[in-house]
Amino acid sequence: MGLLRLLLIVVLASVTRGACGAEIVGNSSEGLLEFSVGKFRYLELKKPFPEEAILRHISSNVTFVIFQIHSQYQNTTISFSETLLPNASETGTDKGLVSILRPEQSMCTWHLETLDPEPVQNVAIPLSYSESDPIPGGCNLEFDVDIDPNIYLEYNFFETTIKFAPANLGYARGADPPSCDVKMGPDSRWRLQYDVYQYFLPENDLTEEVLLRHLQRMAEVPQVQANAVKVVTLTADDKTSVSFSSLRGQGVIYNVIVRDPFLNTSTAYVPTHTYACSFEAEEGNCSSLVRLIVTAIAGSIGGIFLVAAWWRFGVLTLCMLCVGLVLGFLVASVAFFTPLGNLKIFRVDAVFWVTFSCIAIFIPVVFMGCLRILNILSCGFIGSYSVVLAVDSYLYTSLSYITLNILRRALHVDFRRAFVNVPFQTNDFIVLAVWGMLAVSGITLQIRRERGRPFFPPHPYKLWKRERERRVTNILDPSYHIPPLRERLFSRLAQIEGLFQKEQPAGERTPLLL
């Protein structure tokens, strides 16, 4: 009976810790990780050795604390207690828990561990908020934890989607939380707004140190607003899910700031990151050979078109129009690569494809009467862009997404809802300058070379008509004496028939005597 009573006390103690860990009385025991509000701390977790994080001297005007921990690709578990419960723990690379403080409480603890066989490098921080600040994930109905401040991320080749639980209004210590769905007036959580932010890591940099350092710029509200780009603002009526175009091998950090416009307060969710690739799995690995294949193809195409731009390239009119259509496709892709592609009206497939097709067709239609200029411009721009694609495979710039995003839109139905933002950093400016230099030099050389020369390529019908007239008027031309085609065909058939006829006897075969 005494053992059962002791077990009941232990269970009750665990339940009490579910809100914010246990209050620790007296001096901290050995092995505790001391944290301060708003201060990042680096730590290393190993599989057999869990750690306990502690935050002391919490101010009385603080009503809840968000403790978050981040790693690059190895999972970390954060929990309110040593016993891992589904509704009191989170496991992943970017996870956090909301600790609702009780009256007179000034201390919180969290348990940290990893099941990965290799040591995991982490960065963690506790952030405090008052009763006027909205509580991220306070109206969670989808995920396991009752109050879930985390952003859940999924990605594939086409798009990256983030999801998060709706927030609730803040409240004082010891008070009951506001109801989530009883009323929808201005004094309820339906007045809250959600700003979704996107932050790009340096291109072609997959190091752990860079990620953990830049994550520190996306944890608190002022830093997020100063460093990241706001993509969209959602209201409480909108679905708490946003899609972006996947950028394979490019580090991206996402975060959501929930704002209370009535009290002018705001709170940040726990930021999450992705490279749209895997560091461990063989399929979809970040060091895939796809870029090398693209390099070979793009380099070959670029070489052909640059030769076409710098040397005489006699092609038929139909081929020139096709090349012009490719140029129109490239121009239309560039047009939808600016904020223009993120406009709400172009999320409708009919509007998007009609507008895109009109832009693509407009280029060859305008130059229909100047096919030579059309060919020169097409070869210059397309050839130089193909070279840019080859360079992109090594420098990991964003210019390849000019055409890739259009192909994704054509192949994937749900891509129309994705925002197509890409980073534009130092490498992009350099490659953009190279693209412009190659295009201008190719076009200039071709125009100078063709100046004063006959229009090329000559129209096939005009060539045939000119040759026919020449033969009719010039009787000294040997081709003038060539028999008509009909007579030549009959002559050839007669020769063929003679090959299959037997030799006839010539009569007397004896030599004549003189």
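Every residue, even glycine, has its Cβ placed from backbone N, Cα and C.
Just so you know, TrEMBL annotations are computer predictions that nobody has curated.
The signal peptide feature in TrEMBL is assigned to 1-21.
For the domain 'TM7S3/TM198-like' (284-447), the model gives a mean pLDDT of 77. According to TrEMBL, the domain 'TM7S3/TM198-like' annotation covers 284-447.
Annotation comment: TrEMBL describes 289-311 (among others) as transmembrane segment.
Residues or ranges marked as transmembrane segment by TrEMBL: 318-338 (among others).
Look at TrEMBL and you will find 350-367 (among others) tagged as transmembrane segment. Counting only same-chain residues 6+ beyond the ends of the transmembrane segment (350-367), those with a CB under 8 A from a CB of the stretch are 321, 324-325, 327-329, 331-332, 335-336, 373-374, 377, 406, 409, 416.
Residues annotated as transmembrane segment in TrEMBL: 374-396 (among others).
If you look up TrEMBL, you'll see 429-447 (among others) marked as transmembrane segment.
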Residues from the same chain, set at least six apart from the ends of the transmembrane segment (429-447), whose C-beta lies under 8 A from its own: 306, 309-310, 376-377, 379-381, 383-385, 387-388, 391-392, 395, 397, 399
